[in-house]
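Everything on this sheet refers to the single structure shown next.
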Amino acid sequence: MAGKNDGKIRCSFCGKTQDQVNRLISGPNGAFICDECIDICAEILEEEGVDGHEDKSSAKDDINLVTPEELKAFLDDYVIGQDQAKKVLSVAVYNHYKRVLAGDTSDVELQKSNILMLGPTGSGKTLLAQTLARVINVPFAIADATTLTEAGYVGEDVENILLKLIQAADYDIERAEHGIIYIDEIDKITKKSENVSITRDVSGEGVQQALLKILEGTEASVPPQGGRKHPQQELIPIDTTNILFICGGAFDGLEKIIDSRMDTSSIGFNSDVKSKTELNVGEAFKHALPQDFVKFGLIPEFIGRVPITVSLEALDRDALIRILKEPKNSLIKQYTKLFELDGVGLEFTDDAVNAIADKALERKTGARGLRAIMEAVMLDLMYRIPSDKSISKCVIDKDTVEENLKLDGDCVPEAYIEEKAAS
């Protein structure tokens with residue numbers, strides 16, 4: 001502001017002239033601000049809890065890097081079995097974040113090693129990834145590969161999976177750039193055919209091609225509200241170089257490809273003859289090679305960007321029983337706590353736990369199906385207990401489980417509900 005028709009330079013905020021203040025600082029379009037107004041602004045910011053002089057800590061400072069042994073020990077508290085998978089994951093995650101924290105100080109460029117997890121439904125793929133992110137203290141997001149399509153077609157762009165990570169980091173881009181993304185159902189975006197086709201495969205090979213850049217590391221532009229990009233939209237830039245991608249899938253049928261290759265390669269006098277029935281899915285996955293994934297429908301460029309392969313075993317009856325009882329947040333412990341909050345004790349007999357595990361095996365849903373079974377078993381009790389203050393303890397046995405898993409199942413038998421003694 002030039003002044004009030006007197007030719008003097010004044011502060012654009014308080015109107016004082018250059019003679020009345022210690023200093024005037026010029027800005028764009030002929031604007032000025034004096035030192036007194038600057039002090040007032042600083043006081044306002046300080047009162048609102050904004051300190052412009054405070055050094056912001058780097059997002060790297062939040063990363064809790066622990067040794068592979070410590071990582072596996074933490075996984076053991078929450079995930080039952082899968083020891084070899086835990087070791088491989090612990091080493092891979094440790095090396096990834098060691099590389100992130102080292103930055104560009106090394107003469108040797110350390111390449112990112114994304115992870116491919118193979119295992120049947122309910123074997124613990126998602127839980128392993130979630131638990132790793134929690135102990136490392138980085139943002140974590142889950143994406144479903146089946147919703148993705150190539151840019152320009154109906155469905156989600158691959159950049160939308162980055163938006164989920166940004167949201168998990170509360171829009172702190174620096175934190176998001178050190179996060180973990182788990183892409184589930186990755187086996188569902190395979191090529192529809194090994195042969196070259198003239199028709200466009202927008203949800204298969206097209207998605208794999210679109211994922212290549214962000215898996216490897218690139219400066220991506222993400223729509224802040226999701227959906228498709230458009231020219232008038234402000235985009236969020238994010239560097240994916242230090243984001244760890246863990247891709248998981250059941251890969252149904254891959255074991256047949258592996259078996260076929262191994263049977264062919266084992267022909268000869270000195271071959272180790274082994275029938276296909278002796279090689280279960282978990283064992284077959286341990287022998288998976290890049291050419292097996294290519295035959296399954298993943299493109300070679302995609303396989304090259306997920307160099308670490310982790311195979312998970314299908315959970316057997318003993319593992320399911322341990323999952324129900326042993327982890328820190330096991331389902332039985334969770335339901336026991338819920339009942340405690342209502343002042344009621346809860347007990348499961350061994351036969352009841354065995355029956356729940358058997359039902360999960362029958363449904364072939366692995367650990368994921370245990371909660372649905374438990375909900376069906378506990379529903380009537382959880383409905384009744386908050387209103388009935390006379391109940392002091394509930395005992396769940398095999399008959400209780402079987403009765404409540406029937407479509408016409410009635411309430412838990414009265415004999416297994418202990419009532420409080422009359423006062």
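Backbone N, Cα and C atoms are what each Cβ position is placed from, and that goes for glycine too.
Over in Swiss-Prot, the protein carries these features:
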type    : residues                                                       : note
DOMAIN  : 1-53                                                           : domain 'ClpX-type ZB'
BINDING : Cys11, Cys14, Cys34, Cys37                                     : Zn(2+) binding site
BINDING : Pro120, Thr121, Gly122, Ser123, Gly124, Lys125, Thr126, Leu127 : ATP binding site
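Positions of Swiss-Prot features highlighted on the structure.
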{"residue": "Cys11", "record": "Zn(2+) binding site", "DSSP (3 states)": "coil"}
{"residue": "Cys34", "record": "Zn(2+) binding site", "DSSP (3 states)": "strand"}
{"residue": "Pro120", "record": "ATP binding site", "DSSP (3 states)": "coil"}
{"residue": "Lys125", "record": "ATP binding site", "DSSP (3 states)": "helix"}
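Ranking the binding-site residues Pro120, Gly124, Lys125, Thr126 by the distance of their Cα atoms from the Cα of Cys37 (Zn(2+) binding site) places Thr126 first. In this structure, the binding-site residues Cys11, Cys14, Cys34, Leu127 were compared by how many other Cβ atoms lie within 10 Å of their Cβ, and the smallest count belongs to Cys14.
Assigned with DSSP, the residues of the domain 'ClpX-type ZB' (1-53) fall into helix, strand and coil as follows: 19 helix, 8 strand, 26 coil. Annotation: Ser123 carries the greatest number of neighbouring Cβ atoms among the binding-site residues Thr121, Ser123, Thr126 [cut-off 10 Å, Cβ to Cβ].
Of all the binding-site residues listed here (Pro120, Gly122, Gly124), it is Pro120 whose C-beta has the fewest other C-beta atoms within 10 angstroms. Within the same chain, residues at least six positions away from Lys125 (ATP binding site) with a Cβ under 8 Å of its Cβ are Met117, Gly119, Tyr182, Asp184, Gly248, Leu312. Its Cβ placed at the centre, Cys37 (Zn(2+) binding site) has 18 other Cβ atoms within 10 Å. Residue pair Gly124 (ATP binding site) / Cys14 (Zn(2+) binding site) shows a Cα separation of 64 Å. Each residue contributes its Cα atom, and for Cys14 (Zn(2+) binding site) and Thr126 (ATP binding site) these two points are 59 Å apart. You'll find the Cα of Leu127 (ATP binding site) roughly 57 Å from the Cα of Cys34 (Zn(2+) binding site).
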